[in-house]
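Chemist: Please find one structure pasted underneath; my questions will follow.
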Amino acid sequence: MSSATIKKLEKNFMIVLLVVGGIIISIPFMWMILSSFKPLNEAVQMPPTFLPQNPTFENYINLFTNLNFGIYLRNTLIIVFFSFIGLIFNGMAGYAFAKYQFKGRKVIFYTILATMMIPGQVTMIPVYLILNQMGLTNTMTGIVLPGLAVAFSIFLFRQFMQTIPDDLIEAARLDGAGEYYIFFKLIIPIAKPVFAVQAILTFIAAWNSFLWPLIIASDQRLYTLSVGLALLEGQHSSNFALQMAGAAFMVVPIVIIFAFFQKYIIEGFTMSGLK
Amino acid sequence: MGNLLKTLYRDRHPYIFIAPAFLLLMMFSLIPIVVAFFISFTDINLRGLADWSQISFIGLENYIKLFNDSVFITSIFNTLFYVVIGVPLVIICSLSVALILNYGKDKIFHFFRAVYYMPSITNIVAVAVIWGFLYNTHYGLFNYFLSLVEIGRVPWLEQPTLAKISLILLAVWKGLGINMIIFLAALQGIPKEYYEAAKVDGANRLQTLWHVTIPLLGFATFFVTVTTLIGWLQFFEEPYVMTNGGPLDGTLSMALFIYRSGFQLSEFGYAAAGSFVLFFMIIIVTLIQFKFRKADVEY
C-alpha cells in the first residue's frame, strides 16, 4: 500500500471513531426527545420502543397546565434580562481597567481576579445571611443580585478592550465627546464581537441558573426552570415521560441557540488567550 | 483637601465605570468570605438568625465536631473518590477526542466538534434528570442494552460504590466538551515545523504524539487539570438531583454536605466551617499542582 492510501484509511478510521463516539454522546439527548413524546406507559415499556408509537404532546401540555412551568419560564426570563444588565456593568469595568490609568487600578483588578478562586460553597452561606439581613430572601432581587457581576467576564472584556487603539478614544475626546458617550457610542460598537460572545454565555448561564434560586426562593412563585425541574423530579419520580418533557423544554432552546452561534461560543473560550 | 477632591472629581470616570461591578463583587464575594470565616467560629443557626444575642463564639468547636462527624468524613472520602477517578478520566477522554478532531479540517470534523461540546452547555438539572432515567434499574435504557447481551439488571444508583461511578460517568460526559476545546485550541497552536522536524528524524506517529505533541500541550494540560480538579472538589448538582447523597451517604459530596447542613438543617456556623475545610483542600491541591508543574516547553 502506498502511504497515501494508508493516510486515507487512517482518516476514514478516525471519522468512524468520531461518528461512533458522537452517537454515544448524543444518546441521552435523543432518548430525552423521543421519550418526551411518548405516553407514560410507552416510555417505561420493556423492551423500549425507539420511535414513539403513539406520539403525544400530552407531557408538554401537562408541564404548563398541571405544573407551573409557565411561571418558571417567566422567572427564568427575568433572570436572563437582569443578567444582561450585569453584562453591561462587567463591560464598563473591563473598559475602565483596559483604558484608564487611575490610582488603585492594579490592586482592584487583582482583587477582582482573586474572587474567582473563592468556591461558591464558601460564599453561599454568608451571602444568604447578608441577603436575609437586607430582607431580600425569597425575592427576585435576592436571586438576581449575587450573579450580576462576574469576575471572569470582566477579565475577558479587559483583554479585548486593550486591543482598541488609544488614539481612537483620544480623537473622540478632542471632538468633545464625554466619557460616557465614548463608552456607549464608540466602545460598545467596536467591542461588538466580545459583547456577542458574552451575551450568549450570559444567556446560557442565566437560563441554567440553579443554586441561587434554589437557596433564595422558598416560594414556588419564584422558582426558575431548573429548580422547577428538580422539584418535578422529586414529586413525579416515576413519571419519566413528564420528566423528559421538562428536561427537553430546558435543553432544546439552548441547543438551538448553540447551533446558531456555536462558532462564537467555542471561540469565546479560546479568546481568553490560552495557548 | 480641596485639591484632593478636585483631582478625585476630575478622575472620577474610571471609578464610576468600575463601581457597579466592583461593589457587587465586594458585597457578594469579598465580604462574604470574611463573614464566613467569622461565623465558622460561632454556633449561629435559625434561632441566632432571628435574634443575634443567641449567637455565641465557640472557638474551634465546629471544626472539631466536623472531624468527629462520620458523615462529613464520608463526604470527604466520596469527594476524593470522585476526584481521583474523575479527573484523569476527563483529561484522557477530552485529550483523545481533541486529537481525533484535530485530524482533519472537513465539515464532518466541525460538526462533531459541536456534538461533543453540546453536553457541557446543557442544564445540569436536566442532564441529571435524563441520566436518572437512563440509569433506572427497571425502565432504564442502559439496563436494556445490557439485557441484550445477557447481563442482568445493574443497580446503577442503588449501591454506594457503583452509584459514585455512575455519577462520575455522567460528569465525564458533561465535562468533556469544554476541556476538549481547550486542548483543541492548544493543538492548533503547535507550529507545523515541529511535526516536519520529527518526520525528518524518522519518528513514527506514536513517537511524534508522545515526544512532540503531548509535551507541547504542557500548559493546556496544566490548566485543564487545575480547573477540573477545582470543579470536581465542588461536585454538587449531580448527587443533589440524582441521588440526594444516597444510598447510605454513598454519593454525598462535601459541597452537598455543606448545602445540607446550611440550608436544610440551618446550622450556618457548622456549614461555614465545612466550607472552609473544602476551601482549604482546594488551596492545598492547587498549590501542590503549581509546585509540581514542570517548566513549560516554550514554542
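Just so it is clear, glycine is given a Cβ too, placed from its N, Cα and C backbone atoms.
Look at TrEMBL and you will find A:12-34, A:77-98, A:107-131, A:143-161, A:182-207, A:240-261 tagged as transmembrane segment. According to TrEMBL, the domain 'ABC transmembrane type-1' annotation covers A:72-261.
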Chemist: May I ask you to check whether the transmembrane segment (A:182-207) and the transmembrane segment (A:77-98) make contact, with contact taken as at least three Cβ pairs under 8 Å and only pairs 6 or more apart in sequence counted?
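Modeler: They are in contact.
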Chemist: Determine whether the transmembrane segment (A:143-161) and the transmembrane segment (A:12-34) share at least three Cβ pairs under 8 Å, counting only pairs 6 or more apart in sequence.
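Modeler: Answer no, regions not in contact.
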Chemist: Report, as numbers and ranges, which residues of the same chain sit near the transmembrane segment (A:107-131): CB under 8 Å and 6 or more residues beyond its ends.
Modeler: 93, 97, 137, 142, 145-146, 151-152, 154-155, 158, 211, 215-216
